[in-house]
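Copied from TrEMBL, the annotated features are:
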type	residues	note
DOMAIN	7-380	domain 'Major facilitator superfamily (MFS) profile'
TRANSMEM	12-33	transmembrane segment
TRANSMEM	39-58	transmembrane segment
TRANSMEM	70-90	transmembrane segment
TRANSMEM	96-119	transmembrane segment
TRANSMEM	131-156	transmembrane segment
TRANSMEM	162-180	transmembrane segment
TRANSMEM	205-226	transmembrane segment
TRANSMEM	238-259	transmembrane segment
TRANSMEM	271-289	transmembrane segment
TRANSMEM	295-317	transmembrane segment
TRANSMEM	329-350	transmembrane segment
TRANSMEM	362-380	transmembrane segment
Amino acid sequence: MLKELRSVLGLSLGHFVIDIYSPVIPAVLPVLIATHGYSYFLAGLLVAAFNITSSLLQPTVGWLSDRKDVTVPFAVPFVLTSVCIGVFGFIGDYPVLLLCSACAAFGAAIFHPGALSAVNRLTKAENRGRLTSIFVIGGNFGFAVGPVFAAVAVGAFGLPGLIFLVIPGLLTAAFSRLIFPAPDGMERKAVVSAEVRGPIPIRPIAMVIGVGALRSWAIFASIAFLPAYFHDHLGVDILMANTLVSLTLLAGVVGQYVGGALSDIFGRKEVTVLGLAASLPPFALFLLTSGPVSYAALLVFGFFLWSTFSVTVAMAHEVMPGNVGFASGLMLGLAVGAGGIGVAVSGVLADAFSLEAALSTLALPLIAAVALAAAVPYPWKRFGRLIAGETR
């Protein structure tokens with residue numbers, strides 16, 4: 001058990017480093033606009049190039065790993081992503097910047113499915129939820145500190161300061177053999193060849209992806225619009241507004257670990273359905289109140305909403321046991337990317353009605369996610385035992 005935990009912690013460290021780079025481009029957009037005179041459309045396209053490339057390539061990379069045994073050394077994505085982000089400050093040619101954004105996303109897309117496949121091979125049914133949550137939490141922390149690192153580097157040295165961000169990526173690549181588990185330490189579990197090469201269970205995995213996409217809509221729309229809601233509607237200063245959002249994300253980190261551990265005991269489906277359902281009352285309380293009560297409700301909302309993230313990833317692995325790389329790519333790529341489309345819908349609603357109205361409608365995708373999670377053809381664990389006991 002300790003050996004598996006050490007290996008997963010190494011993969012989580014890699015997830016932390018690779019996800020440092022994901023929010024860097026949005027963080028430096030104001031400086032890019034001021035320096036190069038880009039329009040908001042062109043600036044936004046740099047972010048879109050990263051997000052779209054990552055979302056589309058992750059399932060492809062996972063499929064190649066599962067079906068064609070195509071693997072890439074763990075060092076490669078860290079070199080590719082860190083260098084492509086690091087040189088952003090030295091490039092003035094827009095098409096080259098666009099290419100760098102896409103190549104950085106390519107590196108991230110290489111890492112995620114392979115690393116999650118390794119986590120799956122290192123875990124068993126009784127600890128998969130908890131260990132998967134440890135891996136995912138590493139990425140959460142990386143995503144949280146990435147903008148801070150970028151702000152410090154650019155604040156001190158201007159855009160060329162981004163070159164210092166290559167350091168964590170190159171160090172991880174250099175010590176990858178020490179950090180990450182060796183291939184012979186994570187042999188594939190015995191899987192019938194027909195299961196690996198057989199047809200993909202489209203309906204179950206599509207429903208799990210749907211749950212992930214609906215949840216991502218609520219997560220990313222709240223992250224995107226809560227600072228403006230706090231500042232414009234509640235009169236909270238920008239620093240306090242962003243601090244509250246950060247605290248909500250930290251509550252979500254705790255929720256992920258708790259949710260993953262509970263799913264090993266009570267069942268993936270139970271935790272997913274109850275976690276999503278439990279996020280609705282505190283979200284309503286947040287919108288209907290103000291002051292400390294509202295802020296506390298927001299933290300509880302973040303805890304429950306994020307508590308289901310790693311659980312659904314583990315569920316996807318168990319729905320597609322012979323295609324865990326593909327399942328990982330679908331959950332971290334396609335589902336998250338589809339959730340981003342929902343954020344655009346919320347933006348349209350905010351323009352047409354109000355920001356408060358747009359936030360209120362986030363209850364709808366969450367309710368839909370609860371219903372869809374309950375309908376996924378995946379066995380109940382604790383609920384199934386209770387039902388069986390009642391019918392005896």
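Heads up, the Cβ atoms here are built off N, Cα and C, so glycines get one too.
All TrEMBL annotations are machine predictions without curation.
Counting residues 6+ beyond its ends, the transmembrane segment (39-58) has Cβ neighbours under 8 Å at 22, 25-26, 29, 32-33, 94, 97-98, 101-102, 104-106, 108-110, 112-113, 328-330, 332-334, 336-338, 340 in the same chain.
Where the transmembrane segment (162-180) meets the stretches 12-33, 131-156, 238-259, the count of C-beta pairs under 8 angstroms peaks at 12-33. The transmembrane segment (238-259) shares the most Cβ pairs under 8 Å with 205-226, out of the stretches 70-90, 205-226, 271-289, 362-380. Residues 4-5, 8-9, 11-24, 26-28, 31, 89, 115-116, 119-120, 122-123, 162, 164-165, 246, 249-250, 252-253, 256-257, 259-261, 309-311, 313-314, 317 of the same chain lie 6+ residues outside the transmembrane segment (131-156) yet bring a C-beta within less than 8 angstroms of a C-beta in it. Within its own chain, the transmembrane segment (329-350) has Cβ neighbours under 8 Å at 51-52, 54-63, 109, 112-113, 116, 205, 208-210, 212-221, 224-225, 312-313, 316, 357-359, 361-362, 365, counting only residues six or more beyond its boundaries. Per-residue pLDDT, averaged across the domain 'Major facilitator superfamily (MFS) profile' (7-380), gives 90. Taking every recorded stretch in 96-119, 205-226, 295-317, 362-380 and counting its Cβ pairs under 8 Å to the transmembrane segment (70-90), the highest total belongs to 96-119.
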